[in-house]
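Inspection log for the structure reproduced underneath, given as structure tokens.
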Amino acid sequence: MSVLVQRAQPAAPAAAPPPARKRLTPGRYAVYVVLLLLAIFAIGPMLIFGFNALKTQSELAGDPLGLPANPQWGNFVDAWQQANMGVGLRNSVLIVAATALGVCVIAGCAAYALGRLRVPGSNFFIIYLLVTSALPIQLFLVPLFFMWTNLGLYDNLFGLVIIYWAIYSPFATLLIRSFMVGVPREYEEAARLDGAGSIRVLTKVIMPLAWPGFLTAALVAGLSAYNEFLLAVTFIQSSDKMPVSTSFFSFQAGYTRDYTLVSAGGMIMVIPVLVLFLLLQRRFIDGYSSSGMTG
């Protein structure tokens, strides 16, 4: 007589309990309230600006903080045509592209020399960049004006871009350098053993690993050049060469200004920046947070 032995099946593992929800403590409530207030502080002016772009002049004068009773979408068309914003945006795109590209090239080479090569006095140059980047551009405005006039660079987009290169390259150099010093030396040594020179090491080894720094530097320099007003209005006089940041002069009529068109033009100017930031916000924030500006 045979005995049937039945093996016991292992019991199914008990389902993991759902993660406990964090209790909203008074401190967490306070943090949420502060964040909400900061969000309102950041978004509120933009909303008011957008509402004012849809009002008539009389409505704006009577209730500058209220909602538009009858949205005037034609204000955007009038602002676009009166300020010739199509030409301004085209010029701004050229300026931004040239500024971002030039700053990345200049700052990339300088950052590689200061961060990867044994350059005598590199610490002095780093301090020099920190000091010069803190100086206001107004100190150099008058001598630059006469120098650019003598060199034939006045009322010239390339002349304006050269100034932007000089202004934004110091910060970009420090930013990109902070990424380059974090690249392991072994990669560079392996490339040099294969016969690569400094330029090849920079372009084939360092730049691919430090690309977040280059992207962040390009965004900072490009957006700064896009929003810059003082130098643009000083060194550019021809209406067909003016960037979009100077187009608001077109809304001046005598001693009065149509602020509904100013608001509409401002919204048109802001839209490309918002689209760019929404597309690249994660990379932009990651680039800033991971740089650390190490020494």
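We count from 1, first residue shown onward.
Placed from the backbone N, Cα and C atoms, the Cβ positions cover glycine too.
Database features (TrEMBL):
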- 1-14: compositional bias 'Low complexity' (COMPBIAS)
- 1-20: region 'Disordered' (REGION)
- 29-51: transmembrane segment (TRANSMEM)
- 89-280: domain 'ABC transmembrane type-1' (DOMAIN)
- 93-114: transmembrane segment (TRANSMEM)
- 126-146: transmembrane segment (TRANSMEM)
- 158-180: transmembrane segment (TRANSMEM)
- 201-226: transmembrane segment (TRANSMEM)
- 259-280: transmembrane segment (TRANSMEM)
Query - Region pair the transmembrane segment (158-180) / the transmembrane segment (93-114), three or more CB pairs under 8 Å - result: yes
Requested in this report: Given the cut-off of 8 Å on Cβ pairs that are 6 or more apart in sequence, determine whether the transmembrane segment (201-226) and the transmembrane segment (93-114) share at least 3 such pairs.
Outcome: yes
Query raised in the report: What else in the chain is close to the transmembrane segment (93-114), if you only count residues 6 or more beyond its ends and a Cβ gap under 8 Å?
Result: 122, 125-126, 157-158, 160-161, 164-165, 168-169, 172-177, 180, 198, 202, 206-207, 213-214, 217-219, 221-223, 225-226, 243
